[in-house]
Amino acid sequence: MTHHLSRLFGIIALSLGLMLAVPATQAQAQVNPTASSVTEDALFDTLGPGNAAVAGRTSIADPNAGYLIKPENRSWAALQGSTLHTVSIVLIVGMIVLLAGFYMIRGRIRVEGGLSGRKILRFTAIERFAHWTLASTFIILALTGLNLIIGRSVILPLVGEATFGTMTAWGKLAHNFLAWPFMVALALIVVFWLVHNLPARVDWQWIKQGGGLLKKGAHPPAGKFNAGQKLIFWSVVLGGAALSFTGYMLMFPMQAGGFESWQFYQTIHALAAGILSAIIIAHIYLGSVGMEGAFDAMGSGEVDENWAKEHHALWVEEVQGAAAKGTAAPGRTHPAE
Amino acid sequence: MARMKFLCDADRCIECNACVTACKNEHEVPWGINRRRVVTLNDGLPGERSVSMACMHCTDAPCASVCPVSCFYTTADAVVLHNKDTCIGCGYCSYACPFGAPQYPQTANFGTRGKMDKCTYCSGGPEPDMSQAEYVKYGANRLAEGKLPLCAEMCSTKALLAGDGDIIAEIYRERVVTRGYGSGAWGWRTAYGETLTV
C-alpha cells in the first residue's frame, strides 16, 4: 500500500515537474538571434562616454584601420575647424591692436640722453646669425602655419581655390623643410644666451617698475637682458621646443601613434604657435619702430652707449668694467657727459 | 535629388571582402589605398558581426570643416567629394574622419603624404563626368552612368546597400520586421546625426 502510494506521488511529482519544465525547454530551444545581435548602441554603451570608438579586426595591416566608428573625432573637427580658427585670429589681431594702442599712447621710446655716437658691441656676428636664422624661419613658419588655420577664410576668397591650393602646397613644403633650420637656430640661441637669461634679483625690480615701458624717464637697471627680454627668451625656447616636438610628431605621424595623438599634437602645435606669434609680434614691434636704437643690437650688433646705459645699465658697467680691467686701469671709467 | 547613403546590414555581411576588391578594381586604386574595408567585431566570439565601411558622406562633414584649403564639396546627391588639385595632403581630414575614410599614397621622400584619396560614392570628382582626367584621379563615375556604387551592387548577400537614404532605410526596415531582428544602421548616428528606427 505504502509502496503504491509513494509510486503515485512519484508520478504526480514527475508530471508536475514536466509541466513546469516544458515551457522552459521550449524557450531554450527557440533560436532568438536578437539576443545575440550586437547593436551599435549596445557597443557604444559598453565603451562608456568619452571612450566611444568601436574597433574590430580587419585584413589590413594598419592598426588604425580596425577602428570602425570614432564619433569623438567630430569634437576635434569642431575644435580645429572653428575654435582654433577664432583663437588664432583673436591672438594675432588682439596683439596688433594692443600694440597700436600702446604706440598711440606712449609713442616711440626715444633715447632720452640723445645718441652719444659711441658704440658698444652687443651681439657678435654668430649671435646675430643665430637670431636671424631663427627669426626668418619663424616668420615663414608662422605665416605658412597661420595660413593653414585662417587662410581659407581670409586668402581663399581673394585668390580663388586653385591659386590658394598651389600657394598652400608650397607653404606646406616650406613649413616642413624650414622647421629644421629653425630647430638648429633654437639650439644655438640656447647655447649663446641661456646663461644671460637665468632669473636674477634685479629682475624683480624691473617687473615692479613695469620695465619703465609705461613711464617716461623710468629706467630700472638690467643686465644684458632685462626681465622682459628674459620672458621673450623663455617663451621662444619653451614655445619653440613645444612647437618642434609636436611638429616633428605631425611630420612623422607613424611615430606619434594613433588619431588621438595626432589630434592632441595638432591642437598643441596650433595653440603654441598662436601664443608665440603674438609674443613675437610684440618683440618685433619693440625691436623696430617701438624703440629708438634697439634695432642696432641685432642690425649692426653695436648699440649706442646712451641707449645701453638707459636700458641695460648693469651690463654696460660689466662690459666697460671688463674693458677697463683689460687696459689695467683700476675702477670704472665714466665717459664725460 | 536623392540623399545618397550607405547602409551595411551587419546581420548579413559575411566578411567576404568582395566590396573591397570590387572597389579597388573598378577605380584602379593604387596599392595600399583602401577606400572600403570590412571590420569584424567580436571576432570568433558569440555575436560576431562584420561591417563594411567606407566614407559615409556625412551630413556636416567633419573633413570639410577641418580642411585648410576647403577642397571638399557636397554634390546635389549629398555625396561628399574633394578636389585633388587643391588638396595639399596635410592629413587633417584623416584626423577628423570618424570612419577612417581618407587614405594617402606615399608619393615622395620621408613618407610625405600625397593627395588624399577616398570613396567617391562611385561619382568621380570635379572634372567633367566620365572624362579620362576624372578617371585617373578619382576612378569610375558610375553615378553619371545611372548606376549605383559597385561595392553595394555586387554584394553577394545584399548586406551593403547604397542609394537614396529613405529607400534603403525602408528596405532595411522590411528586412528587420520580416526576420525579427537587426543590429541597426552602423554609423548613421555619427554620419547623419540620426539613427534608423525600426
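Backbone N, Cα and C define each Cβ position, glycine as well.
Keep in mind the model is a prediction, meaning the values are calculated, not measured.
Database features, via TrEMBL:
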SIGNAL    A:1-29  signal peptide
TRANSMEM  A:84-105  transmembrane segment
DOMAIN    A:122-298  domain 'Cytochrome b561 bacterial/Ni-hydrogenase'
TRANSMEM  A:129-150  transmembrane segment
TRANSMEM  A:177-195  transmembrane segment
TRANSMEM  A:231-252  transmembrane segment
TRANSMEM  A:264-286  transmembrane segment
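In summary, the transmembrane segment (A:84-105) does not lie against the transmembrane segment (A:231-252): fewer than three C-beta pairs, each 6 or more positions apart in sequence, are under 8 Å. Residues 84-85, 88-89, 92, 123, 167-168, 171-172, 174-175, 178-179, 181-182, 184-186, 188-189, 192, 236, 240, 270, 273, 276-277, 280, 298 of the same chain, all 6+ positions outside the transmembrane segment (A:129-150), place their C-beta atoms under 8 angstroms from a C-beta of that stretch.
Across the domain 'Cytochrome b561 bacterial/Ni-hydrogenase' (A:122-298), mean pLDDT in this model comes to 93.
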